[in-house]
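Taken straight from TrEMBL:
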type	residues	note
COMPBIAS	B:1-12	compositional bias 'Low complexity'
REGION	B:1-25	region 'Disordered'
TRANSMEM	B:35-55	transmembrane segment
TRANSMEM	B:61-83	transmembrane segment
TRANSMEM	B:95-112	transmembrane segment
TRANSMEM	B:124-145	transmembrane segment
TRANSMEM	B:152-176	transmembrane segment
TRANSMEM	B:188-213	transmembrane segment
TRANSMEM	B:240-259	transmembrane segment
TRANSMEM	B:271-289	transmembrane segment
TRANSMEM	B:296-318	transmembrane segment
TRANSMEM	B:324-342	transmembrane segment
């Protein structure tokens, strides 16, 4: 096989044929019906959104469209021709490519080798010609204007660069139909903009996209058509322009959902200051000083690299700060000590639930009670009954969809996993709740529950710090501190306009230019 | 065509952010990683020549290379398995069992006080050694790849079973009176240098080429780095893993044949405990226990460093009772050194 990227679209004839057409797809896993007579039609050159809550059947459809699984019933056709048999990986790769949330890049190998894995350029005697392979890789990335040094190990790539490399690799197989599975989940605002610019560019060159996202705003920004799945069924396909946001949400949930709006009544004048952060400086140089009163919800907004996550992690002890003091309810926290922060009454929802938030193989009960061993046991021994009782409360309070407290967290959907993380943060009845990107990668309904919890705990006098660049997360805050390049650049009281806040996060002042 | 495309498309695209921090530096380190132990080897050579003028003599160098040649081949075998993200503890037992079975089948009991069966002609000995290696590897593969059992536990079980089998067939004794076909490779001298040195160097050279320059070799790295991604790239991961385990066991069997040939005997404890040294050499040489990282050349420098240090200690007249203590210390110190030169924790 030639290592040089092919730009032909052989095998994909008939410009009027849809790029992919899946009809009457049914797929069962045991007793669970993952897809029930569902289907999708994606036309050439469009960017098609596929939305639905967690568990709606999107992932199953993607694995059927990419040939990783066979449907029990129904048919998939590419450009009017039936899909190749499952074993023909090359056949599938010429027609469709998917950039999964989980990377298929091998971090220990170089970028160049990742691009041409198992199809290395070979010279005489079947030996790999590394110089030729590197040139081919450079050429391929240049062709799609991805600026990455192909000699570096892929583990050094940022999420965004990794996605671009995966897209370039997909295109090099000849596929002109690319599925992006929640590509924006781990990107900051600037990264999303660059990704979208890239998508538009590629669309102009005739590439068709199927775009999966939880962020409805992105769908309105980048997509032409939208298909909604709910409970394993196809609900509607319509041009994005003809579907209002509320109609789209209604299609996804089967009912109207509104995001919780804080009842922004002023705090009592005598509300004590619960959190006092003075001149906190992180190892990366970001700075923050803030005072939060009991019952107050304060947002810390900013794009990637603004330092918002770093200051939050330094505050709760996940990272050791370079300087400054953090005082919670009159008690100074020991720098860089999570146990001390927990002991002082801090509850934390960390940024990455997979890495810091959960132990996936342990049960919901064990995860929820991880920070409060003393509340579920006596004399050093844990009582399973008390543990499960506590977990059952959490499951009920946060509407976690699970058969019981003993279910392993790994079996839950993303939204429900995040609720478990929230449950763990709340288990200790914290005085201060620190939420870092609490709704990243969760569906609309779970988002509503998670943000609703904030409303509830503030009523009990808990202070809440919301660290996020999601407008929905920030809307529940009484005030928002906007960080840019490691400094707080603006403070906005509740009632800010979306444009103002986004502009401030991007370092632009709309009123003073 | 790509030229014009890239020039027209680039201005439209916002350049992606420069890669985080020290990527160019880590790139340089990654390239130097292979040579990380070279300064240490030179340092030991200098210390050795100060300790004893004999150290750098041709005889002593050949002595060091010969004493390490058999273990070095097992290190090569283990490196292949480690890069795929698995491990094979049973190599040390295969190292003893393969020549043991061959000796058992060909040795004449009349000459050896009842040891052996004498059911096969002498010429079969070497093929039997390699066949036993292949069968052990295939069985490991059956349990690990086909049945999906944990490689560590499977090969730990195999280590005990194979050692027990050798003890069983030999009655805990040592096979001797080996046929010439079995002793030739371990005792012959080619161009003034023992054949076992030639063989081990040749095998390492072959390993460098196969792992660095063939698709099959790169598949090992891909599987160790991310098995799902390797599968998605069309690599037949199960087949490659199975093959890696078989090749590793055959190499261990061959190494066992060399040492049996050198000693003209197969003791029932041949290779017992060697696996720790093998792991240490591989890890010191930069091979990751988590898979996907390391090189054959690095593994070679690892085993060379270990044996050079042992040789220096012997020349310095360190009492034999202290050898194990110093061996362990050497392993720990070498790990610390490679942590410092590599900049990253050994895993």
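Backbone N, Cα and C atoms are what each Cβ position is placed from, and that goes for glycine too.
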Which bits of the chain, at least 6 residues beyond where the transmembrane segment (B:152-176) starts or stops, bring a Cβ under 8 A of a Cβ in it?
-> 87-94, 96-97, 99-101, 103-104, 107, 112, 115-116, 136, 139-140, 143-144, 264-268, 270, 272, 275
So, does the transmembrane segment (B:124-145) come close enough to the transmembrane segment (B:296-318) to give 3+ Cβ pairs below 8 Å, pairs being at least 6 apart in sequence?
-> no
With pairs closer than 6 in sequence left out, are the transmembrane segment (B:35-55) and the transmembrane segment (B:124-145) joined by 3 or more CB pairs under 8 Å?
-> no
Taking a Cβ cut-off under 8 Å, which residues six or more beyond the ends of the transmembrane segment (B:271-289) line up next to it in the same chain?
-> 33-34, 36-37, 71-72, 74-75, 78-79, 82-83, 87, 89, 91-96, 159, 163, 224, 256, 259, 295, 298-303, 305-306, 327, 331, 334-335, 338, 342, 346-347
Okay, the transmembrane segment (B:240-259) and the transmembrane segment (B:95-112): do they have at least three CB pairs under 8 Å, pairs separated by 6 or more?
-> yes
Criterion met for the transmembrane segment (B:188-213) and the transmembrane segment (B:240-259) (at least three Cβ pairs under 8 Å) = yes
